[in-house]
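Single-structure report; data block below.
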């Protein structure tokens, strides 16, 4: 098995260096840091939609309720692992851990996953990525920021990483000082990327693109903002549910569901109990359509359900009676394939028809925008990585600093005891003041060396400084 600490280990997946396959947007190189101290190495072992099919991901998937127990089992069974956390979603399964020896830790994690899934290590290895230290932390930061997602910048993964952090650092969690700090940095980085770049803005799904298109076109087509429009959704499936969510988020209050099955429509309305959705049967569809401002069609019908023949006379009657303004257009957004709206409906007066091809243009524009912003996001992540690495590396100074402080305190204490007889004439408060003075002098003398030691980023220089310190003070 290849060493995780080498460049070749990171290259076991196309994600080498930046935690992302070559098929997605090229990322900046991982801002590599010097090898960390002996207090623990951050490692990541996992697979995602980039490296494994859903069949493989299902074999390793762990319900959220079992994330803590799974991490505890890994720490208990893997001698090299001191901290662990599990993140399992529909698109990825990842183990974040702290290991005394990275290569041994990854080997033990792989063996544990093999035993749990029933897939031999050789079968798992071709789907897994195995990352160590800066590469591992960089990958986690990109995951939390949504840069490694199927849809760049999507928000759900940040909530999932946050939940991973909460469980890992909770009462039954197995994240200690290092992994807890790493996961917390990932959550903070994910929030920062979204707030500072706006990468999550702009529709990248068909349902969100449909509502975004309606929002863009409503003032020109209907003569009013989308929040003031009455909307009709034909269909009551998953796409209809998503449409309701997006419409409500934009302030649309008048929403009607038209569906063949009133039972299913009622179930959909129940999901949005506070929204007061209206329901109409399919035989009232045309009346509902001509009496509204905005229509979304989302059914599985193999034939058009709205045609010029069925709509034309009623639409003309609505305009003649004044129910519809002459200068406004009925917006029909057809997100079904095959199409629910016949091509000849576009020929009707007062109707603007949009289909999936129009939505794809919106999605493509927003995806391109997100790809551009991902480069800006990675600049922010580089800052977060440097901050974490500096903190992590500073932990290597702690033992030396502690020894130096103890050594200095021992000398101060001995000298304090030696002069006790000469201070017999002092009051209790005066003696206390002198002792505090001695402690203050020691602290002042140590402050400079300790600050310098923590600030040294080059590991060779830090190691040499530690040796000089130990030799100088005979620690």
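Start at 1 and count along the chain as shown; that gives each residue its number.
Keep in mind that glycine also has a Cβ here, set from the backbone N, Cα and C atoms.
TrEMBL has this to say about the protein:
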REGION    1-24  region 'Disordered'
COMPBIAS  1-16  compositional bias 'Low complexity'
DOMAIN    45-197  domain 'Glutamyl-tRNA reductase N-terminal'
BINDING   89, 90, 91, 92, 149, 154, 155, 156, 160  substrate binding site
ACT_SITE  90  active site, nucleophile
SITE      139  site 'Important for activity'
DOMAIN    225-362  domain 'Quinate/shikimate 5-dehydrogenase/glutamyl-tRNA reductase'
BINDING   235, 236, 237, 238, 239, 240  NADP(+) binding site
DOMAIN    376-475  domain 'Tetrapyrrole biosynthesis glutamyl-tRNA reductase dimerisation'
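Mean predicted confidence for the domain 'Tetrapyrrole biosynthesis glutamyl-tRNA reductase dimerisation' (376-475): the pLDDT average there is 81. Nearest to the residue listed as 'active site, nucleophile' in space, judged by Cα atoms and limited to the binding-site residues 155, 160, 236, 240, is 160.
DSSP gives residue 89 (substrate binding site) a coil state; it is part of no helix or strand.
Across the recorded positions listed here (90, 239, 240), the residue whose Cβ sits among the most other Cβ atoms within 10 Å is 240. With every protein chain in view, the residue among the binding-site residues 155, 235, 237 whose Cβ has the most Cβ partners within 10 Å turns out to be 235.
Secondary structure at residue 239 (NADP(+) binding site), taken from DSSP and collapsed to helix, strand or coil, is helix. The Cβ neighbour count for residue 149 (substrate binding site), using a 10 Å radius and every protein chain shown, is 22. Apart from 89, 90, 91, 92, 149, 154, 155, 156, 160, the residues listed for substrate, the same chain places the Cβ atoms of 146, 150, 157 within 8 Å of the centroid of those Cβ atoms. Ranking the binding-site residues 89, 149, 155, 235 by Cα distance from residue 139 (site 'Important for activity') puts 149 first.
According to DSSP, residue 160 (substrate binding site) sits within a helical segment. Compute the center of the Cβ atoms of 235, 236, 237, 238, 239, 240, which mark the site for NADP(+); besides them, the chain residues with Cβ within 8 Å of that center are 233, 241, 242, 243, 268, 298, 299. Using a 10 Å Cβ-Cβ cutoff, residue 238 (NADP(+) binding site) registers 11 neighbours. Cα separation, residue 237 (NADP(+) binding site) to residue 91 (substrate binding site), rounded: 23 Å. Cβ contacts within 10 Å of residue 236 (NADP(+) binding site), excluding its own Cβ and spanning all protein chains shown: 25. Considering only the residues assigned to substrate binding, 89, 90, 91, 92, 149, 154, 155, 156, 160, the longest pairwise Cα distance works out to 15 Å. In terms of DSSP secondary structure, the domain 'Tetrapyrrole biosynthesis glutamyl-tRNA reductase dimerisation' (376-475) contains 90 helix, 0 strand, 10 coil.
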